[in-house]
Structures are given as C-alpha cells and as structure tokens.
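As recorded in TrEMBL, the features of this protein are as follows:
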type: BINDING; residues: G16, S17, G18, K19, G20, T21, R127, V136, Y137, T200; note: GTP binding site
type: BINDING; residues: S37, R42, K63, L64, V65, G90, F91, P92, R93, Q97, R160, R171; note: AMP binding site
type: DOMAIN; residues: 127-162; note: domain 'Adenylate kinase active site lid'
type: REGION; residues: 36-65; note: region 'NMPbind'
type: REGION; residues: 126-163; note: region 'LID'
type: REGION; residues: 142-163; note: region 'Disordered'
Amino acid sequence: MASGKLFRAIIMGAPGSGKGTVSGRIVKVFNLKHISSGDLLRSNIEKRTELGLIADKYIREGKLVPDIYITKCILNELQQIQSNSWLLDGFPRTREQADDLWNQERIDSVINLEVPFDVIIERIQSRWVHLPSGRVYNVGFNDPKTPGRDDVTGEPLSQRPDDNPVAVRKRLEVYDACTRPINEYFDKKGVLATFKGSTTDEIWPHVKKYLEARIQ
C-alpha cells in the first residue's frame, strides 16, 4: 500500500463465486495480510491445539464448529497482527459473529461478490480440489497447470461427491439465507460494497478501482 494507513476488510461470496481468486488479487495488489478462517482451523487441527481438537471433533461428526470457538480463533489471530492491514475471508458466518467482530475491530470495508446461482452451479460441476490444502481449481476457469494435479505439491486433485447441481443449489440457498442478515448488518454500518458479475475478470476491475479509492 502506498501509505501507512491501516486498512481492514472482509470479503464475502458464495462457494464457487471466485472469492478465492479475488482475495488472492487483493492481497497481492494491495499488500494485505490474508486471514482465512478455513486455513486457521486447518492449522489448529494440524497442530492439535485445544481449539483444533474441539474443531476436529465437530468436523468429523459432520457438524459446524460452534460460533464461540470460531470467533475466539479469529479474534485471537487479529490481535496478533494489529500493525497489519488485512483481508478476512470466511468470517463472519452469522449475525452474532459479525456483531462480535465489529465490537472488537475497526472494519473499513466489506467486499461482497454477487454471482448468479446458475453460473456458480455450472462452475462447481467442473471444480477439482486439493483436499489437504483446500486449494480449488476449475476446468476452463482456473485450470491447474498440470491437469488433475495440484500446482504446489503435484498431488492428485479430487472432486467432492456433493458437487452435483441439486446439492450445490441447496448449499447456495443456505448460504444466501445465512449471509443476508450479515450483509444487511454491514450495510447499515455503511461499509458494505457489493460487486455483481458472472466472472472474476468481469468483477475484479471494479473491486480494484473501489479499493484504490479507499486505500490511499
């Protein structure tokens, strides 16, 4: 970033919306620290921390990790990087988490990506995942350098069994129902910015222009 001003942002977007790609570009162009709730959870599970053991138990049972543990994990991480500008990804997921975060941290912007469900469904059907890291590839959209192989490790990619149109649409409907109150919350706070489009390349220039005006 060009100045010493700290900038704290959240990125929101449905599964398959291109959020990971846009996040990567934001982090690279604007030099923000990327904080992913998924990465933090995986790290805690691998290190077998107290939170990791609790989270692993819930995940193995196919349940969501309760708010209290996720919120504690995120807020602890943010406390450790007070001198950094950051982009928070995957949190908050509930209205209560949004309130807890707002009360603890100054949020400058919430970047919300809005992509039509039909586009996402088509995209997810061509999605391949490196399960150990969570890295995602899409054939014809974000291809791996070597077909069927992870760019970083070279390990095989997999398709999730629930990446079928019916299951995907249900997940998107659940996501929409869960995140609408969060977006309304941040909209009332005056920090929500929604960007609509069908592809990352269509959306990204508008996100970049918006951030260039905000980060000075």
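Heads up, the Cβ atoms here are built off N, Cα and C, so glycines get one too.
Nobody curates TrEMBL annotations by hand; they come from automatic prediction.
Each of the binding-site residues G16, G18, G20 was scored by how many other Cβ atoms lie within 10 Å of its Cβ, and the smallest score goes to G20. The binding-site residues close to R127 (GTP binding site), defined as a CA atom within 10 A of its CA, are R160 out of S37, V65, F91, R93, R160.
Between the candidate binding-site residues, K63, R160, the densest Cβ environment within 10 Å is the one around R160. Each residue contributes its Cα atom, and for K63 (AMP binding site) and Y137 (GTP binding site) those atoms are 25 Å apart. Ranking the binding-site residues F91, Y137 by C-beta neighbours within 10 Å puts F91 at the top. Applying an 8 A CB threshold to same-chain residues 6+ apart, the list for S37 (AMP binding site) reads I70, C73, I74, L88, D89, G90, F91, R93. Across the domain 'Adenylate kinase active site lid' (127-162), the prediction's mean pLDDT works out to 88.
The Cβ neighbour count for R93 (AMP binding site), using a 10 Å radius and every protein chain shown, is 19.
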